[in-house]
């Protein structure tokens, strides 16, 4: 919680739930990445929070951008950023969208199969492509599925295919899994990337770049290593696997860039029990899974919550959202400790909500408006 | 698939994914409910699909409406429906929203605890309230959580509290669980409701109404009983538990009213394998969990999918959406059989998508537009 956010909320008159993002924190985060990984380019993962004020700030600070769609590419270009600062990082693209990106000047594309390489060769000649390899994500709070990337032993064939079709076989990417707190994860992934570099060298093709993806965590209830620890671990793994022929490198922080910069203010709508003997209260907020808190799915992310009654005795409760949908429950398997004095109408602050909240909000499920967003 | 939808899609020029709902099917569904349960009032669950054309059709047909919020109440009033045809069925309401609904003329409210009764007594005097009781949902594809309703033995206290505060203790509601294919479920729930009626009669208060909720299924890949079977089972259970003093009854179909009336047209963006030895293809569509297919979560609902290659030999594939989000996978645990000749660029039709698609769509995750909707 920052003084600027506190002051903003104090003056706000509307009482619907909202998220407020403090750009000073985003700036601090960008500078921490730049300082801890001085030879690595930062490509902000736009999908984490595409608010125009955030994109403009990062454009001014010299960031590049990882985009998932033409829609995101156009949001970035609207800040005045040059197309050279954009990576079209989605491995799943319609050919017409690749063509539109190319017309916009984008020349850097992710692939994970020959089918995607062929689309790019047809409509985005002379572009650079990097091949995403599967990574097991061990140690991440949210290990990724096998959706993105190919087996490491297939990557050289994909890249060689690109080379033969006149594209620049540029490098390798991986993603160690979201909210990754195990610093060793990058070591394993970089050893795999180095293996692809070696195989390509044997085939006479020199790769240039390793895209180390995202995965940098935000502090929710548990402590996580700071950005400098990640910087050291990554630099160590790079020199271990690439020796003194270091590739150029990029990272794609999203959650790590904006997660801790945002706070959601919400209201307690109802507190009740299911029976006279029930030991656990149900606390219902005016925000839930469908208006921004989708990452509580399977209780994956446990947000810190502040209340005006903090300091009073606490007791466990089930925390739920306001919709008529029975899956709209935030924490039930592991109930949440909240003050017993908490009352209907109290405002609560949900911390570390700067990433993956506004864009996960539905258009209006149950007739509730999407999450209001303010960037200050 | 209807001729009208086929013709609409044939003429459409835009190639982004969309859902098309055929009002003729909605009309057929309404008439099936009206005919199978002639003494029961139909309250359409607006949250299933609040498209104005659907609301207007149902208003003309004489339907009433189950609303989850003031937003939905205002959508229904915009069709010209009288406020007496609205039930504010969410048990979780801000006091100021109850007051707004009351100003709009709404007089029927759901509750499941004394705290909610007190809000209604303060700002919506002379209203009718019904108490929702917990129901275990056995047999439903999606058993509900304990989020809504109180233990049946608590309901008389909640209703008596309402009576003492000057409200009309009007009845009982339950919900047997979504996509409920077990006809016995209503028998169990109605026996519980009858128990509450008896206890209230002992306390000198005559309840009038049983709200039997929704749960009526849509046919996805598996067959489900037809509406007449539900009508018979419900009528049988009502007479068994209430004898010849039948209460007035309402039902709240949502999925059962519009589910089979809508078709999504989508496009195959990519087909690939993760390694040379991989036996399973990955098929990526231009629609996924974040643009309308949220109900594939945990592979709960298995939509029928038609392709232009139907009849060719099939093989299993993993089916996924287009976003850079690793949870955006539709069917993986149980792969989906699709023709081996399926190709990038093919259009596919996803059936039974009229309910819980448009409103579950995110505002723009990954820069993709929300699901386009057409009602014809």
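The backbone N, Cα and C atoms fix where each Cβ goes, and this holds for glycine too.
Taken straight from TrEMBL:
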type: DOMAIN; residues: B:26-258; note: domain 'Orn/DAP/Arg decarboxylase 2 N-terminal'
type: MOD_RES; residues: B:47; note: N6-(pyridoxal phosphate)lysine
type: ACT_SITE; residues: B:324; note: active site, proton donor
Where does the residue listed as 'active site, proton donor' sit in the DSSP three-state scheme?
coil
Work out how many Å separate the residue listed as 'active site, proton donor' and residue B:47 (N6-(pyridoxal phosphate)lysine) at their Cα atoms, rounded off.
28
Provide the number of Cβ atoms within 10 Å of the Cβ of the residue listed as 'N6-(pyridoxal phosphate)lysine', excluding the reference atom itself.
27
